[in-house]
Amino acid sequence: MDPIVDLDFIDNRTPEQASASCDTKVTEETNTGKSRKLYIESYGCQMNFSDSEIVSSIMFEQGFDTTSDIEQADVVFLNTCSIREKAEQTVRNRLGQINYHKKKKPEMVIGVLGCMAERLKKSLLDEEKIVDLVVGPDAYRDLPNLINEVDGGQKAVNVLLSREETYADISPVRLNSNGVSAFVSIMRGCDNMCSFCVVPFTRGRERSRDAHSIVREVQALVAQNYKEVTLLGQNVDSYKWTSEDGTEQVNFAQLLEMVALINPGLRVRFSTSHPKDITDEVLYTMKKYDNICKYIHLPAQSGNSRVLELMNRTYDREWYINRVDAIRRILGDECGISSDMISGFCTETEEEHQDTLSLMDYVQYDYSYMFFYSERPGTLAARKLEDDIPLEVKKRRLAEIIEKQRETSLARNKRDIGRVHKVLVEGFSKKSNEQLSGRNDQNKVVIFDKKHYKKGDYVNVFVHDCSVGTLFGEAVD
Ligand code: SAH
Ligand code: SF4
Ligand code: F3S
């Protein structure tokens with residue numbers, strides 16, 4: 001069987017790297033003697049994982065500890081993703097499995113949170129009978145009331161989107177954290193209208209979080225010994241916060257500087273950069289501070305200007321290349337660059353697909369997230385364009401994109417051989433407790449023998465080997 005047939009999301013990276021993107025996460029135990037237990041599973045992007053930490057914090061105040069064992073749970077939440085059809089199907093399949101637990105424990109409350117809740121709203125209650133609670137991404141403060149309604153025997157829904165909500169004052173309960181690296185949301189929503197994308201509909205209007213609340217959250221993380229933060233937003237470069245009295249304005253480059261200055265031992269990362277908005281000011285700020293990692297996730301989506309226009313990305317191939325050239329000019333060839341690519345968007349020709357491959361040759365991405373186009377109801381593309389590329393063609397083009405990326409990743413990784421890299425240790429490698437795993441500045445996973453080093457240490461590692469997704473080396477004292 002064609003190995004790609006069943007996948008709509010493929011990347012060429014190790015599980016360690018992939019954990020920063022699309023996958024599933026389950027809550028860990030918190031045992032503080034609360035009377036009820038919450039189990040959360042999170043799907044989709046890092047923003048969703050970050051939201052689950054906010055949800056846990058709100059539920060903690062409401063008398064819930066978290067559990068990693070669904071059988072122990074009084075309340076089960078699935079924090080869901082709608083980005084592609086497959087993401088929603090995964091959640092529906094999971095609800096089917098959860099039905100089995102609910103039959104054994106009928107009082108178990110089942111809630112659907114996040115983007116699928118927002119997209120399907122009340123109809124989710126009719127479609128999936130076991131669901132008691134449907135809560136959109138801007139309505140989590142209402143969870144205590146909604147849980148009360150469900151406790152009173154009703155079904156409950158709140159999918160109101162907000163223009164202001166940033167949960168700025170809520171301290172997230174860190175879930176699945178390695179204690180070294182944390183994610184901090186700096187904004188919510190998205191005001192771009194990429195024609196393929198459901199996010200503006202599920203997450204609402206873009207709004208930026210109070211810069212000082214971001215700094216306070218990062219300071220608290222430093223006090224707890226965290227060594228790395230990733231600032232999160234769908235389009236971080238359009239971050240713009242104005243104080244209530246209008247006297248203070250902070251843009252993304254300035255926020256980056258404020259966070260970098262908190263502690264020189266704290267690594268600062270960010271995601272996602274939008275090619276239309278990334279400024280030279282951001283690149284110079286990255287250059288100025290050693291602790292801002294030299295790595296940029298700059299999703300291109302396509303290498304062809306006509307397709308980019310249909311996608312409503314508001315940049316063309318030349319603009320994108322100009323931004324990559326600026327990165328290389330200001331930050332040098334060492335700066336890591338990654339991308340997202342979509343194959344088989346509406347009307348894409350074979351030549352236009354070749355333009356994506358040639359862009360990949362030009363940029364030399366360190367890695368990419370690669371997808372075939374999945375039409376999402378309600379989006380501009382679904383309303384205006386025909387999803388006319390046959391599935392086999394989308395998958396064949398995707399396979400070519402993946403192959404190109406594998407070659408490029410390997411070539412980029414080979415360049416790292418023979419050099420010493422500063423690695424922040426995140427834990428043991430997946431394969432052995434005698435080896436440690438961490439990431440270098442460019443976000444690449446590096447594996448090496450543990451010697452006397454431990455999680456949270458910065459270690460200089462001489463890299464002597466690599467695979468497509470990983471660097472292998474040896475600590476040098
Ligand atoms: N805000 C980010 C993207 C968030 S969604 C940005 O603008 O780059 C993550 C990725 O999912 C997108 O970059 C895109 O490559 C992919 N994606 C989004 N909608 C999709 C769809 N309908 N079909 C296939 N892939 C999609
Ligand atoms: Fe979606 Fe485009 Fe917004 Fe990214 S920038 S979340 S792809 S609409
Ligand atoms: Fe993220 Fe999926 Fe929503 S990618 S913003 S959880 S649709």
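Cβ atoms are placed via backbone N, Cα and C, with glycine included.
Here TrEMBL flags Cys45, Cys81, Cys115 as [4Fe-4S] cluster 1 binding site. Around the Cβ of Cys81 ([4Fe-4S] cluster 1 binding site), a 10 Å sphere holds 26 further Cβ atoms from the protein chains shown. For the recorded site, Cys81 ([4Fe-4S] cluster 1 binding site), the DSSP three-state label reads coil.
If you take the C-beta of Cys194 ([4Fe-4S] cluster 2 binding site) and look for same-chain residues 6 or more apart in sequence within under 8 angstroms, you find Gln301, Met311, Asn312, Arg313. If you look up TrEMBL, you'll see Cys190, Cys194, Cys197 marked as [4Fe-4S] cluster 2 binding site.
What TrEMBL lists as domain 'MTTase N-terminal' is 36-152. Over the domain 'MTTase N-terminal' (36-152) the predicted model carries a mean pLDDT of 95.
Annotated domain 'Radical SAM core' per TrEMBL: 176-411, in sequence order.
Annotated domain 'TRAM' per TrEMBL: 414-477, in sequence order.
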Cα separation, Cys115 ([4Fe-4S] cluster 1 binding site) to Cys190 ([4Fe-4S] cluster 2 binding site) (Å, whole number): 13
Integer Å distance between the CA atoms belonging to Cys197 ([4Fe-4S] cluster 2 binding site) and Cys81 ([4Fe-4S] cluster 1 binding site): 12
Candidates near ligand 1 among the binding-site residues Cys81, Cys115, Cys197, judged by a Cβ under 6 angstroms: Cys197
Same chain, 6+ residues apart, C-beta under 8 Å of the C-beta of Cys115 ([4Fe-4S] cluster 1 binding site), given in sequence order: Gly44, Asn48, Thr80, Cys81, Ser82, Ile83, Pro137, Val198, Val199, Thr202, Arg203
Other residues, Cβ within 8 Å of Cys190, Cys194, Cys197 Cβ centroid ([4Fe-4S] cluster 2 site): Asn192, Met193, Phe196, Val198, Val199, Pro200, Gln234
Cys45 ([4Fe-4S] cluster 1 binding site) and Cys197 ([4Fe-4S] cluster 2 binding site), distance between Cα atoms, whole Å: 14
Of Cys190, Cys194, Cys197, binding-site residues neighbouring ligand 3, Cβ under 6 A: none
Around the Cβ of Cys197 ([4Fe-4S] cluster 2 binding site), the count of other Cβ atoms that are within 10 Å: 23
